[in-house]
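**Student:** I have a structure here, written as structure tokens, and I will follow up with some questions on it.
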């Protein structure tokens with residue numbers, strides 16, 4: 001019989017003359033002959049299981065109308081010519097570049113300049129860097145229809161859609177890495193980080209909810225109402241709710257000072273805070289939506305309310321590279337304003353912003 005195979009790029013190929021007695025190891029050899037995929041790098045997946053080399057096609061009950069996923073792992077990095085000339089032992093240099101490239105992945109949460117780390121390693125071994133860098137390069141993120149195809153492909157392997165989505169989030173939307181997580185499990189350090197982020201988000205949300213709650217003195221929780229009371233008490237002062245500083249009245253409200261401290265201590269809570277404001281103070285939420293830059297500038301100011309930059313004009317500088325990062329995040333299917341807020345809240349770290357958007361981005365879009 002003829003068996004159909006798919007790789008992770010949705011490319012199909014057919015292996016002929018296969019019988020129920022054909023061993024999986026023999027099947028891999030046929031694939032190597034036809035597709036030049038090394039046997040050692042092949043993983044054949046059917047119904048969510050990795051096929052063992054010593055089993056036969058018949059033991060897995062594979063039928064001709066079915067298809068098998070052929071996953072080819074990345075080759076081990078080889079020693080470059082400059083490295084070989086500098087050292088007589090080939091094996092140690094082969095592992096060194098691999099560690100250099102993986103370093104940005106482990107430190108991505110603390111640094112916003114991962115591209116500089118990769119670029120620094122490139123001159124010493126450009127070929128190796130280009131190969132090993134792919135799994136963590138933001139450009140390898142599957143977006144839009146590409147992501148949908150990747151998810152469907154993994155679902156067709158036999159995995160639950162919820163498991164696939166979880167793996168994609170953990171892999172920052174990288175299909176190759178998500179498949180590895182499905183096969184081997186999500187690394188414990190990533191699970192721990194997600195648990196810590198969830199716990200921190202819950203604690204910050206509780207603190208923020210207390211800040212939004214009415215005070216014991218009977219002051220209204222609605223920030224616009226507080227602003228109106230403040231203006232009535234100080235009618236001699238001109239209102240600053242319009243013009244170049246449409247949200248300037250927030251500086252005089254103690255509860256906003258608390259919200260600002262929460263965001264400065266936990267930037268990942270920005271989206272949750274905006275959702276809370278949308279539920280409890282729709283008028284303020286609309287004003288923030290219409291003036292996102294002014295709102296972000298208020299959040300960036302010092303605790304005493306002084307402006308960090310002169311009023312008027314665009315206060316946040318975005319480089320061409322950062323603009324491209326924002327565009328790529330928008331291609332994931334999120335509103336641009338939400339993307340900008342998440343990107344800035346994550347200290348302009350594209351991978352962290354992507355992960356945060358997949359966790360919380362659609363929640364804000366569902367708000368009325």
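Any Cβ shown, glycine's included, is placed from N, Cα and C.
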**Student:** Going by Swiss-Prot, point out which residue in 25, 84, 307 is annotated as phosphoserine.
**Tutor:** 84
**Student:** In Swiss-Prot, which of these is labelled phosphoserine: 80, 364?
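**Tutor:** Swiss-Prot records phosphoserine at 364.
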**Student:** Which stretch does Swiss-Prot mark as region 'Disordered', out of 76-134, 135-193?
**Tutor:** 76-134
**Student:** When DSSP states are grouped into helix, strand and coil, how many residues of the domain 'UBA 2' (320-360) land in each?
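**Tutor:** When I sort the residues of the domain 'UBA 2' (320-360) into the three classes, I find 32 helix, 0 strand, 9 coil.
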**Student:** Looking at the domain 'Ubiquitin-like' (1-77) alone, can you tell me the average pLDDT?
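**Tutor:** So the average pLDDT across the domain 'Ubiquitin-like' (1-77) works out to 87.
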